[in-house]
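Chemist: What TrEMBL records for 1-85, 187-206, 255-275, 509-537 is region 'Disordered'. What TrEMBL lists as compositional bias 'Low complexity' is 42-53, 76-85. Sequence annotations record features per position, and here TrEMBL assigns compositional bias 'Polar residues' to 60-75. Positions annotated as repeat 'WD' by TrEMBL: 142-187, 446-471. Here TrEMBL flags 514-537 as compositional bias 'Acidic residues'.
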Amino acid sequence: MATAAVPTVNGKRKREDIRPVSGAKRPANQVAKQKVAKTHVDQTVTQTQAQDQPAESEAQRVTETNAKPTANSIKQPTQVTATATPAGEAVHVQIITGSYERILQGAAATIPRHLLEQPSGTNGVAEDQDDQSVTFSDTFLFAAHASAIRCLSISPSTESDWRYVATGSSDERINVYSVSTAPPNTSVNAKLPSLSSNQTAENPRNRSVGSLIHHDRAVTCLQFPAKGKLFSAAEDNTVAISRTRDWIMLSSIKAPIPKPQGRPSGDTAAPGQTPAGVNDFAIHPSQKLMLSVGRGERCLRLWNLMTGKKAGVLNFDRDLLSQVSEGKHSSGEGRNVLWAGDGESYVVGFERGAAIFGVDSQPRALIKPSPLTKLHCYRMMQSADGQEILAVSTEDGRVLFFDTTDTATGAAKGNLPICKCVAQLGGRAAGIVGRIKDFEVVELPTSVSSAQETALLVTASSDGAVRIWTVPRDLGKDTSAAQQTGRLLGTLETSNRIICLGAFVLDGKSGDAGAEEEEFGGFEEEDDEAASGEEEA
């Protein structure tokens, strides 16, 4: 029997053939409208007995109309939006993870608002109740690179309903993706295929934009200081600056290759070669200065972004390295660097400790975990009184919170003071022993009543678990010793060895699926206009 040919345009299916598939979720909403209409008709029959026959014909007409929905009723945007929790009662957070398995996975967490308004406990474990659980919906899954994904960065929030996500890998490529900021439109009654035992909420805005080849070695660090610029560092000792309007590399900052010092160390150094590369960089809040730390060198470099040239070098003396637990056989290289929010100080992280420097490049205090363990990720968090708290993830599954303004305790005479650890999250007390490779502090919207008192943390462990915590902002104000803090809201098992993580609040607008597809068709033109406006400003 002959089959009907599918109409095509330039080898592609027409949009009319795709829209019925994207609208598969709408009949669930129409069934709800049928019940409301039928209830209204039954009430009319009860109140007016003299109009039994007209009411019966009216009910029959409504039933027949709903049984055959028209094209106009399918195109209504209100019929597409169907979330498990009303928008006013939940906060949606987009979580993006990169792993050794070369997979870039995105999942949207729906957090009931009453969970955020409850005070955080001290045992690190949330109550096991069905009505208080956090639900996850897989939003995308990309086989992003040919090698492990080592870093990722998310562009800042704008008025647009999408953000850029850049990923860097050992395959020397930088992949760029467009991710929607709209909450997931997963139907309550629909049981869709799953990637990790959760619901799946697809969005046509989540797609790949392209790849950048600006480096000759593995990419180590990425950062969006603004929507219009992307900074990337790699093991070729360069920091590239790209423009997001057309993804052209504007300039490249070249760091000197370190001199050989004894036997090479590091997993990327070939036999007989010296380990090289930029471990991390941090851009000043004014976007005029940049700090960088490199592999195989015991120094910190300061760069002038206005001229693209080196502005100074700060060598780490032997006394400072010994105080941050960098022994004789350690590399002594800086592994992380982070500016404070006010730009008046910065943190240089080593393998088992960190040092806080002022703008005069003089060390002020030390960060040392107890018991001693490796440190992985550094983030700044605002406290209840407006001060900044330094959060650090460790090898033994903890997140330590240090008050950088409290440096009253000193290790010994002549040594730098040690910052006070005001609280800790996770660890053996919470049943977490695997290393926390990366984490993110998510700023809650102002509509949440406890947004000023509670911080939301998303942690990623190497065992593939992504956990969402709430942490009070008044840490260590009433206690003299570090105590267990935070409350675990939910856990997502990704089954991947996670290396990097990013998260942000889904505060965009969700509309008709066909309208989203048409708008994304002109994505590049809209991006050009927005970027041009930023340059003119």
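Every residue gets a Cβ built from N, Cα and C, even glycine.
What you are looking at is a predicted structure, and each value in this text was computed from that prediction instead of being measured.
I'd like these features described in context: how deep, what's nearby, how far apart.
Modeler: Counting residue by residue with DSSP, the repeat 'WD' (142-187) contains 0 helix, 23 strand, 23 coil.
Within the chain, the repeat 'WD' (446-471) has long-range Cβ neighbours (under 8 A, six or more residues past its boundaries) at 91, 93, 95, 97, 99, 107, 109, 111, 113, 115-118, 120, 124, 134, 381-382, 384, 391, 393, 397, 399, 401, 423, 425-426, 432, 434-440, 485-498, 500-501, 503.
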Chemist: Quick check on the repeat 'WD' (446-471): DSSP residue counts for helix, strand, coil, in that order please.
Modeler: 0 helix, 15 strand, 11 coil
